[in-house]
Amino acid sequence: MDLVFDQQHVWHPYTSTLNPLPCYPVESASGVLLKLEDGRELVDGMSSWWAAIHGYNHPQLNNAAKAQIDQMSHVMFGGITHQPAVELCRKLVEMTPEPLQQVFLADSGSVAVEVALKMALQYWHARGEQRPKFLTLRHGYHGDTFAAMSVTDPDNSMHGLYKGFLPEHIFAKSPTTRFGEDWQEDDIRDFAAQLDTHHQEVAAVILEPIVQGAGGMRIYHPTYLQRVRELCDEYGVLLIADEIATGFGRTGKLFACEHAGISPDILCVGKALTGGYMTLSATLTTKHVADTVCSGAAGCFMHGPTFMGNPLACAVANASLTLLQTGEWQQQVESIEKQLAETLPEIGKLKTVKDVRWLGAIGVVELHEPVDLAEIQQRFVDQGVWIRPFGTLVYIMPPFIINQQELSRLTSAILITLG
Ligand SMILES: *Cc1c(COP(=O)(O)O)cnc(C)c1O
């Protein structure tokens with residue numbers, strides 16, 4: 001592979017052209033292993049950013065893609081429908097909380113969030129109310145497009161860079177009561193106060209249920225989410241749950257909202273939807289919200305991506321959801337969680353480590369000081385693991401199929417590297 005060309009011309013996520021860090025050439029991937037060009041194999045601790053839950057090169061997912069490619073790779077979704085999309089939407093309606101009945105297929109997580117925000121705005125427009133604001137939490141992450149960025153933590157996503165263009169929304173303090181601790185009623189106070197002050201202009205609350213991902217890997221108490229649902233009902237504000245990272249089993253429940261026993265008015269899923277094979281997302285809502293949206297001046301929901309409902313992506317997503325429906329993931333995620341509970345406290349004793357936390361198949365090590373990414377990445381690769389920290393966070397969310405030895409390789413590499 002021409003790595004010099006890569007460094008000179010290929011822009012990777014969040015990288016500088018002035019000081020491009022080296023990239024590792026991956027030739028193939030199978031199960032939980034990423035195979036480098038030089039033959040070394042790395043145990044994948046990232047699931048390619050939450051997505052590859054069944055591992056790489058999965059025979060059933062491969063077969064689904066191959067079979068669909070011989071039917072059709074793509075066909076427009078306006079005025080046309082097809083079996084892979086219908087089957088996928090049926091599965092999503094079945095798997096998600098009962099009130100969510102209407103599915104909008106989109107291209108990526110960020111677009112699913114854009115779609116959710118647009119639904120909420122059109123909902124209030126149709127009801128003849130001006131509600132131009134969203135209420136969200138600090139330390140949240142909802143994607144990199146403009147509307148998604150505008151509800152992402154203002155410090156982490158550097159709102160200052162786009163000031164004047166980015167809409168300004170309302171941020172409540174993020175929850176501090178951790179999952180598994182005793183609930184502190186004080187924790188909801190700031191959110192409740194913000195909603196009380198602003199509810200007449202707030203179209204919806206948007207948040208990541210239970211686990212705030214890229215904005216800080218914070219795992220919070222389910223009662224916080226219950227209170228948010230109660231307050232949204234009390235003030236008549238819609239609730240958008242962004243389960244793009246947490247959805248499809250990652251937290252030990254199929255959807256993180258289940259930890260709190262609540263249902264949102266709008267739900268975003270993505271990332272693991274296709275088992276990490278290709279980009280696809282979905283935004284689900286209730287019949288009430290959908291019908292209200294469509295009763296407005298526009299007469300429809302105003303969105304329709306070119307590659308909406310891509311049959312190839314839908315076919316693989318169907319295969320991925322079929323694998324989830326066997327229920328095997330539950331045992332797998334439980335074993336991962338058990339092993340993390342046994343090993344992370346050891347890592348937590350290191351002097352460099354500020355905190356360790358875990359839930360389901362997510363393990364987080366928070367450091368006192370930010371890492372030197374290039375250096376730590378090299379040390380992880382030298383130890384045969386793929387872990388990509390950001391800032392002060394070294395975290396893993398491996399494919400569900402990881403076995404005990406492979407997971408030990410990940411946690412031992414963290415212990416050795418940070419020790
Ligand atoms: C990754 C992520 C997104 C954005 O998804 P993309 O596919 O990267 O656009 C949105 N919300 C959450 C919670 C995410 O983790």
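Yeah, the Cβs are placed from backbone N, Cα and C, and that goes for glycine too.
Whatever TrEMBL says is automated annotation, not expert-curated.
Feature annotations, reproduced from TrEMBL:
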BINDING   W49, Y141, K271, G304, R388  substrate binding site
BINDING   G109, S110, D242, P305, T306  pyridoxal 5'-phosphate binding site
MOD_RES   K271  N6-(pyridoxal phosphate)lysine
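This view paints the features noted in TrEMBL onto the structure.
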residue	record	contacts (Cβ under 8 Å, 6+ apart)
W49	substrate binding site	K271
G109	pyridoxal 5'-phosphate binding site	G143, I244, C268, G270, K271, S281
S110	pyridoxal 5'-phosphate binding site	H142, G143, D144, T145, A148
Y141	substrate binding site	T152, D153, N156, S157, E208, Q212, G213, A214, G215
D242	pyridoxal 5'-phosphate binding site	V113, A116, G140, H142, I206, L207, E208, P209, C268
G304	substrate binding site	F77, G78
P305	pyridoxal 5'-phosphate binding site	A106, D107, V111
T306	pyridoxal 5'-phosphate binding site	M76
R388	substrate binding site	M46, L373, Q377
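Within the set of binding-site residues G109, S110, R388, G109, S110 have a CB atom less than 6 Å from some atom of ligand 1. Just so you know, the Cβ of K271 (substrate binding site) picks up 28 other Cβ atoms within 10 Å once every protein chain is counted. Secondary structure at D242 (pyridoxal 5'-phosphate binding site), taken from DSSP and collapsed to helix, strand or coil, is strand.
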